[in-house]
Amino acid sequence: MLQPTTCSKQQQQRQQPAIATAAVGGAAVQELLRKAAAKDHGALAAATATATAASTTATTATAATASRNSSNTWCHSDDMLSAGRSRSSSTTIDFNSRRRRGRLRGHAPSDLAMNKQHQATILDECVNIFKRLVLLTLKTISATTITKAKTRSRTAAQLPATSAASATSSRGASAEQLLHPSSRSRCRSRRCLRLPIYSILLLCLTTQGLGLGDAAKPRPAKQHFGGSNSNSPNQNQNHNDVLGGVGAPSQTSGEDEAEIMYPFQSGEQMFGLEEDQEQDPELNSNAVPGSDEDNAGNQRGINDTHNDNSTTTKTPLFPKDLFTKEQLENGAVILHIIGVIYMFVALAIVCDEFFVPSLDVIIEKLGITDDVAGATFMAAGGSAPELFTSVIGVFVSFDDVGIGTIVGSAVFNILFVIGMCALFSKTVLSLTWWPLFRDCSFYSISLLVLIYFFRDNRIFWWEALILFTIYIGYVAFMKWNVQVETCVKKMITKNKVTRVRSTDQLMPAGNAANSSETSMATQPGGSVTSRAASETRSGPPGSSNAGATGNSSGGGGTSGSTQTGAKFRHGLLQLMIHTIDPLHDGKVDEKATQLHAIASLKVLLDATKPQRGGATTSAANHVKINLKETTLADRPNGNIDTTLDSPSLSGRRPSWIEQRVKIQTRKFSIKAPEIEDEPEPLSMAWPDTARKRLTYVLVAPLLVPMWLTLPDTRTPRGKRFFPVTFIGSIVWIAAFSYLMVWWANVAGDTARIPPEVMGLTFLAAGTSIPDLITSVIVARKGFGDMAVSSSVGSNIFDVTVGLPIPWLLYGIIYGAPVEVNSVGMVCSITILFMMLVFVVMSIACFRWRMNKGLGFTMFLLYFAFVAVSLMFEYDVITCPF
């Protein structure tokens, strides 16, 4: 450090104007900074003008004094040291070059070095004063611009035409949002801010470039007006210490180095932000709350932080993670992803092995019909993970992860599940129009109502109640489903000709038994009844129409397609450990194919014999095949080996038809749709293969606690404790859903993925895996209507129960509407409604048959929906709503 020399009175008189002017400039800047910290914008403008004039005078006086000074030394004085700090050692002097210049001019090298050093000190201090003034001026301009933008946005938000636009936070927008117009700000006037913001940025870069030695110096820790940064060593210091003016030096670790503490060192500080939006949740907890207007809706005392889409976002109530942010970015997030997948398996096990069987006992105790039970209890059993995910999203994580999960799960169930059923079904399944029409009608109504309620990004309690009322209406409709279906079909088929072609005309030769026109149903009496199609012509009153009846959902009879599905629901645990394989149900014997063709197809009426006197009505008969004995083969989904008696024909038929049926008594193997009488209880036995043993070990940490705490209602002893299983299953589902959402949020934050996107893709697919497996198994058994109805029916439960119940509880408890923050979610729901229309149109185009072409079409629609929804979420496509 260079030592000051003794000054003469003449030299001090020459330096006095510069010293006094610099002191005035420093005092003006300090007063300006304090007014800026107090947010006194009225006095800030006047102080800015005064400080600017003082800075200009100081710069002029300093330059004049330096030019008049011709002595060999530039003296130090106490006044000069109080007016400006000595510069850091970063402003080094090239003594060799200056020594050469000094020798040419006749000056001593040491005197010349001190002269240049002190000139640089004064000039740099004036430059710093000017820099602060420029930055404060830019801050004032930015604050005024943001205030006007917020005022325009709030005014526009009150208008009906632009009610969807929400105002930005009163504490200001983040620097990232201001400097990057691609940021998802809800402000409608963001485009008009681009030019002044870029101009401000250019000026800031220019003023930062004036300090040549500042770029190499380490930046001090960021400080915020009105609050402290947890990364700073002095968290409790007052902001006046940080803004202590020109005369308060901040010493560094170097012995002879000093550093000027600039009040604004980054873009966020330049614009006067009180909160850093890139901080962790722990850092946000130390921030000072904003205005009373912003905190009016925050009734739980949770600190607000700025969000891209809404005015306030509450801190999630999740515990602190075991890993730091750096560790998560370096690979620890993989453990969270594995944990989320593990929770998918846990939810599937508790729903399939404990929750659904307990619901089956409740249905049996209450005597509820299959239609109502399928729409209520069984739908709740399959959609329990989505319901609890929505509850956690509203009350714990305070985001739209529940909405994203339910919307994504709905699309997954409609498109992906139906596509998988069409691809992996053994035969081409025929669908009945009534169940699809019924479920899609209620689902369309619920989606349209939900889109209308999302128009202002808020859900009130009465809106949630209306959504739940739609579900009550759906359950009431299912109570009289058979009567309504019969009435509607009578109205449609009244005085109309309905022709069902002969089944053997619909199939190529040699593949008759593989037709989906023929359905088999096991009768209680131990017989297999094969149903044939019919041809009906309108005739005069009193004509006998012996229409075919049965349990199958086809033709003109009632469908009766909605069943509880509990008997068909094979758990994920059984698929992983036990012997069930959904893709290998056993082979059908070729002889059974031939006999099945004879028994069910050749009896059909290929042509009706006209009679004199008008139109005739002819109907197909039932071919009743009595079973002598029935033995199950030793296979997982075994075939039925049986011996047939002579067939008997029921109904009045002409003798010329009886001659067409030639069935010989022979032993054959026939495959019929399986209906399990009693579900098997959970088996904890040690598996016999290495793969199953490995799976058993992996799921044992989940399975053993549930097996110890939840009675198995599929056993006679555990059936008495079904309330314990029911309540305990709900507790386990809530715990697993909490862990799933927590770890998914951590993984999404680490990968910079919004919660809505995580719910729309990853969580939606994971929570729908059990329904996918069940639907594929049901479709391979030949129940296409049940597979489609269960997919659409679970979506009705999700939208009308999974979403409104948490919203209704929130409105009752806190008396405030639920804020819906996602911009693209409204458009995603709209596209979901369009996809539902496309599904119905696709099924109609494929003539109500589930074939592989329909499956590939469903896959194409699913990936198109996901792609468009992601573009809405990331503002690649602007959502017009």
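Cβ atoms here come from the backbone N, Cα and C positions, even for glycine.
Copied over from Swiss-Prot:
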- 1-194: topological domain 'Extracellular' (TOPO_DOM)
- 79-111: region 'Disordered' (REGION)
- 85-95: compositional bias 'Polar residues' (COMPBIAS)
- 149-181: region 'Disordered' (REGION)
- 215-255: region 'Disordered' (REGION)
- 216-330: topological domain 'Cytoplasmic' (TOPO_DOM)
- 272-315: region 'Disordered' (REGION)
- 296-315: compositional bias 'Polar residues' (COMPBIAS)
- 352-375: topological domain 'Extracellular' (TOPO_DOM)
- 372-412: repeat 'Alpha-1' (REPEAT)
- 397-402: topological domain 'Cytoplasmic' (TOPO_DOM)
- 424-433: topological domain 'Extracellular' (TOPO_DOM)
- 455-458: topological domain 'Cytoplasmic' (TOPO_DOM)
- 480-720: topological domain 'Extracellular' (TOPO_DOM)
- 508-565: region 'Disordered' (REGION)
- 512-537: compositional bias 'Polar residues' (COMPBIAS)
- 742-756: topological domain 'Cytoplasmic' (TOPO_DOM)
- 764-795: repeat 'Alpha-2' (REPEAT)
- 778-795: topological domain 'Extracellular' (TOPO_DOM)
- 817-822: topological domain 'Cytoplasmic' (TOPO_DOM)
- 844-852: topological domain 'Extracellular' (TOPO_DOM)
- 874-881: topological domain 'Cytoplasmic' (TOPO_DOM)
Worksheet item: Mean pLDDT for the topological domain 'Extracellular' (778-795), as a whole number?
Response: 79
Worksheet, complete the sentence: Reduced to three DSSP states, the topological domain 'Extracellular' (844-852) has 3 helix, 2 strand, 4 coil
Response to the item:
Other same-chain positions with a Cβ less than 8 Å from the topological domain 'Extracellular' (844-852) and lying at least 6 residues past its termini are 418, 421-423, 425, 428-433, 516, 779, 784, 788
Item to complete: Sort out the residues at least 6 away from either end of the topological domain 'Cytoplasmic' (742-756), same chain, that have Cβ-Cβ distances under 8 Å to it, and list them.
Response: 316, 318-319, 321, 325, 328-329, 333, 336-337, 339-340, 343, 393, 397, 399-401, 403-404, 762-763, 822, 824-825, 873
Worksheet item: Going by DSSP, how much of the topological domain 'Extracellular' (778-795) is helix, how much is strand and how much is coil, in residues?
Response: 15 helix, 0 strand, 3 coil
